[in-house]
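Comments concern the structure below.
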């Protein structure tokens, strides 16, 4: 016989766990990798010659050639063309902490569905844009759509990865960044050249649509450390915990609570609570020494890589007179990005994935990689440069898995979405966004590309030094702290990852545990 007070938790828990046998952790990783690759394919496509295009030109005799791509159709100057990239980043940076904060009151899996839906509609509208301002707004919305995914995908992967392979799984996910960029250059060039730049965005929208639908219609997963945000089931859980049934409202009370003033006050209170919660969480992150040290090193690291990606081909052309500098630097980045990122994850798992070991790998790989890159730019021979630079890039990219592992495991589970969001915001605002123009200013003043790149590369050594400090800080893996402080076994059940290889057996065992 079941007790009346225990039935709501029984119902809530059994319906929270997915019953589709095909939806396994590995398939979740595969789906998230495809979404991540599409996100970065879009970034590569808009930068490709086929989509971005060029402005029309006129010679002195009055012979004019029409422009191509976005820049040609909208007659954009280089400044306006560059704003398209910045507009995307504005949407991404503004929306990331908002989605991370909402994860505490809305199911995170559904938030990913909302974000991907915005992304799908925004890319569709990019192809329908009619002037500079319309496509700028659409690009900003693409950034907003991606914000939910980058904040929440990594915590979901960390929840469901095997304990001994957590960094490897994260590395597989982040390997999609260089791969997606590379595919985007090729995809944008082919589709833009043969069909027109608008079709590139329309095809992206179609490719993302199934994932947006998936985010809404699959049984939602719950992140560790979050009580399921379900308006119908949460009251039942709270009633079961307290053991007190809510008394029915009288008609007068109902009328009073239905007044506009009451609902307006309730809405204002909810917004205030949301901002108050975000403020408290931000304070907790800033007071976390491990997190701050990790992000500071990540900013310096990203500053260098952002400038490499933008100025690399120009450097290769000016110093080593490479006729195919785009292809050379693109190829090195793709190969070293994939191999290095995967290797970093597997090495940390082999060492045993702890915060201290992560900082050791971050500092050593960055220092040695920086030394190889610095030595490469000292070489006068192009072939010597390519060998040393490739080894350096391989080592530098090995940090991708470990640095994100630290972001996830140095905070309690309920702070992980905000941790990932603010890390992304910080590395862009202080890292790759300002690095390209600052390097340009430096080059304008010293007019020596070799010296400019040596000064830039030297910043990798402070990055390694900052991460080296992390080795000596008192580090505790806090990934299980939330579940240890829950007030009841019901809430503890709610904090576990809800994706298992054998979901049917899990549901049955949890249901039996609620019997008298």
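Using the three backbone atoms N, Cα and C, a Cβ is placed for every residue, glycine included.
Unlike curated entries, TrEMBL annotations are predicted automatically.
Source: prediction; values computed, not measured.
Note on TrEMBL: of 241-264, 385-408, the range annotated with the feature transmembrane segment is 385-408.
It is 420-442, from the ranges 420-442, 489-511, that TrEMBL records as transmembrane segment.
Per TrEMBL, the listed range annotated as transmembrane segment is 109-133 (candidates: 34-58, 109-133).
The average pLDDT the prediction assigns to the domain 'Major facilitator superfamily (MFS) profile' (28-477) is 85. Counted as Cβ pairs under 8 Å, contacts with the transmembrane segment (286-308) are highest for 385-408 among 83-102, 139-157, 169-187, 199-218, 385-408.
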